[in-house]
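S.K.: Handing you a structure now.
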Amino acid sequence: MAQSAAVATPPPKGKASKRRSATPRRLPYLLIAPAGLLMLGFIAYPVVSVFYYSLQNYNVTKPWRNGFAGLDNFTRIFTEDEQFWPTLGFSAQWVFTQVTLQLALGLALALIVNQTFVGRGISRAMVFSPWAVSGVLTSTIWILLYNSSTGFSRYLADAGIGEYGTSVLSDTGTVFWAATVSELWRGVPFFAILILADLQSVSKELYEAASVDGAGRLRQFFHITLPHLRDAIILATLLRGVWEFNNVDLLYTLTGGGPAGETTTLPLYVANTGIEGHDFGYASALTTVAFVILLFCSIVYLRLSKFGGDNK
Amino acid sequence: MTAALVEKKDARTPGPSRGSSAPPPSSPRRATRERAFDDVPRWQIYVPLGVYLLFTLVPFYWMFLFAVRPAGSTSLVPWPMTGAHFSKVWNERSFAVFFQNSMIVGVATLIATTLVALAGGYALARFDFKIKGAFMLALLCSQFIPGALMLVPLFEIFKNLQMINSLGSVVIAETVFQLPLSIILISGFIKNVPVSLEEAAWVDGCSRFKAFCAVVLPLLRPGLIAVGSFAFVHSWNHFLFALMFLSEQDKQTIPVGLNTLIGADSVDLGALAAGGVIAAVPVVIVFAFIQKWLITGFSAGAVKG
């Protein structure tokens, strides 16, 4: 009771009530303190140290060269590094393909399982299930499917389709689509779940009214459903794009960035440089560049898509 | 989210059923209601759904098949079955230990994330304070920071804390990267609980904390289930932190163990498949429980929050 009074009115200055009234004012800070401290220590500090190391020569295998490097690392990225541009290009291709296809399939899937039909509950559970599966497990499953001797291609060859011993993961012509399909397998449910959740809040009266006015299902989709989903789609594609850019576990375990560096994304290249090459300074500079590119693209995307704009 | 469900039902019940022709006998009421304004031919649902279900389920089946059929068999039916691959990975490839480690990491991350995010989410939902805007901004920005690219500095931090090869390092790292989204989600859920409910409890003499536990917490159940299961599933699945921070074999987790099987000189497909099934079982069980809550949880807080 006393506390509710303290919240409702500004805390009185009297000494007797000081302890009680001070609590609500400090309370929010106490409540965010654990989260704030954890994020300061394990997100903010690492970010700052990455910026710091990007200006240093820092390589545990060549300690005699360690020290301030100025912008040398960055010059090296843009002028000497022969892997930077190809990995950046592959990252862009990867993110674009994944986000576009995941959105298209996820939207279609959400619209289907939003209908009322017999077996809806179990169908939802099954089509969403790969969402819960890890990148390493996805790799495991698709390695079994893509395996050249006992995988899917063997049974296709038995049936007279294709050749025996086809290995899609080691052929530069097929590896991109092989990796794409396996990432789609676990990525589509994310979009489907988010979009389905947002579909729950479309007012049914709108559809009834449109249908009374003679609008077909296609027009209803473009004039009611899509505008309603707009913000959710923009947010989901952005989050997913960032996630697909950053996430390395599937490609790391499925293709290892190969064959011949064909499927190495920028973060995978950074990880190799920093962890296997022990060149922390250069890896930090690459990280900084990746971070800036990501931030720039995100801002441009939000601007161009007019997120949170007119329709509400 | 309950409001949304009620609203949905209300919107569907009224009005006479226009096209009440031949509803499926199993649930005539539901079908009639739907047909009233939404005449999607059944085949337009079942055909694409069937195709997509095949794409989803065949890979799972494939893994299961490889895990239970004897080595050397090329049968497409999982019969006769063998448990040999399972006992091999469980005992010889230390999946028993990996499983236990993954469980510890998953449950600890779940508890830590939920508690810390509840506190932070409550502060954001119920108070106005000076650094609120900055805190929100920090939460949003941290979504753009790639965990994979933070590996090197995080490694150095945990080395200085002498936490390399301790499961605690992975728990902390997982919790930290789960927090921003969890806080945003939970604050959305708390905002949906009317303050007046809490105030009524205060008037009845409850402390703020007591009122929160008695009034708000029960209503947060779907949201907490969604957030908690996110945290569990993500930490169960996450690979890079465990790979980097835990180099001793008896400290490793399931994804790292799977990666070792993948990277073995001659890949034992049966063992790999059995390891995959072991990795999948807990998340599939969690998912089966939560998938309904997931939709309602998201529609309540996430996108509109």
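From the backbone N, Cα and C atoms, a Cβ is placed for every residue, glycine too.
All annotation found in TrEMBL is predicted automatically rather than curated by experts.
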S.K.: Could you check which of A:1-21, A:148-168 is flagged in TrEMBL as region 'Disordered'?
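M.R.: Of A:1-21, A:148-168, TrEMBL gives region 'Disordered' for A:1-21.
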S.K.: Quick test of the contact rule: Cβ under 8 Å, at least six residues beyond the ends. What residues does that give for the transmembrane segment (A:125-145)?
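M.R.: Result: 109, 113, 151-152, 169, 178, 181-183, 185-186, 188-190, 192-193, 247, 249-250, 252-254.
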S.K.: In the same chain, who gets a Cβ under 8 Å from the transmembrane segment (A:94-113) while lying at least 6 residues past its ends?
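M.R.: Distant Cβ neighbours of the transmembrane segment (A:94-113) are 120, 123-124, 127, 180, 183-184, 187-196, 199, 221, 225, 229, 233, 236-237, 240-241, 244-245, 263, 265.
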